[in-house]
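Copied over from Swiss-Prot, here are the features:
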- 8-176: domain 'Era-type G' (DOMAIN)
- 16-23: region 'G1' (REGION)
- 16-23, 63-67, 125-128: GTP binding site (BINDING)
- 42-46: region 'G2' (REGION)
- 63-66: region 'G3' (REGION)
- 125-128: region 'G4' (REGION)
- 199-283: domain 'KH type-2' (DOMAIN)
Amino acid sequence: MTDNNPTRCGYVAIVGRPNVGKSTLLNHILGQKLAITSRKPQTTRHNMLGIKTEGDVQAIYVDTPGMHKANDKALNRYMNRNASAALKDVDVVIFVVDRTKWTDEDQLVLERVQYVTGPLIIAVNKTDRMEEKAELIPHLQWLQEQLPNAEVMPISAQQGHNLDALEAQIAKHLPENDHFFPEDQITDRSSRFLAAELVREKIMRQLGAELPYQITVEIEEFKQQGHVLHIHALILVERDGQKKIIIGDKGERIKRIGSEARKDMEVLFDSKVMLNLWVKVKGGWSDDERALRSLGYGDL
């Protein structure tokens, strides 16, 4: 700490509807892949911390599941509760919206963030895709009218446009505090959790429209032996048909899933990785609160 630059540290919640670019934003800010992404809604299921320390400032980002209307299964209720809980006890809230459309789920998030009493920034994403920037002005003005106390900033999470300005604005709002985490720590999540998420990401990207949402991944073994990290991952589905989809014809799809996940793991863990995948049917797990707790989904 210097006289001109007090040490600042605080929590920053990133909220918004599903598939609006929250995890992409976090990854770009951190400068590395931490949160999984795909084009499918509800990719993020858990709140996860992404920690960025730069000089005197430590910003602790809370990446959240997309707030959505579906509340019929225990898993949906868990994700919505996690996202709403992130609005409490944070120092700054980033409400991510897509400049191309406004949905009922955006409105749902707006109705929740309007009660935020601390600093609120509306990050209008995907503005790099606009040919005429003047077309954006009415949308920015409308957002400002909806949340008069918020700061509205156009960004591109994918391209990194205006993220330096966003981070500077966040830093201004963080309280003067000693840093809560070591300078080199980037998340609160375990390596096993990150490995499971990478496998789930590759499943979501491989399956596309065939994707059964009732999929989760459990790491059964995570062991470093010499220069090789051995990881055994169990993919849980709810029906036999889902198992067949993931395995694919002659096992080709699950081989691709494993190959792509392994490559990302080797970068993340800086080690050669031996990855083994299995698929198991566990009927009804996504609506079974006891099963969800045993799979690490916390309080329901």
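Easy rule for this one: first residue shown is 1, then count along the chain.
Using the three backbone atoms N, Cα and C, a Cβ is placed for every residue, glycine included.
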Q | Conformational class of Thr64 (GTP binding site) under the three-state DSSP mapping | A | coil
Q: Quick one: among the binding-site residues Gly16, Lys22, Thr64, Thr127, which has the most Cβ atoms sitting within 10 Å of its own Cβ?
A: Lys22
Q: Give the three-state DSSP assignment (helix, strand or coil) for Gly16 (GTP binding site).
A: coil
(Q) Quick check: in three-state DSSP terms, what is Thr127 (GTP binding site)? (A) helix
Q.
Which secondary structure state does DSSP assign to Lys22 (GTP binding site), in the simple three-class scheme?
A. helix
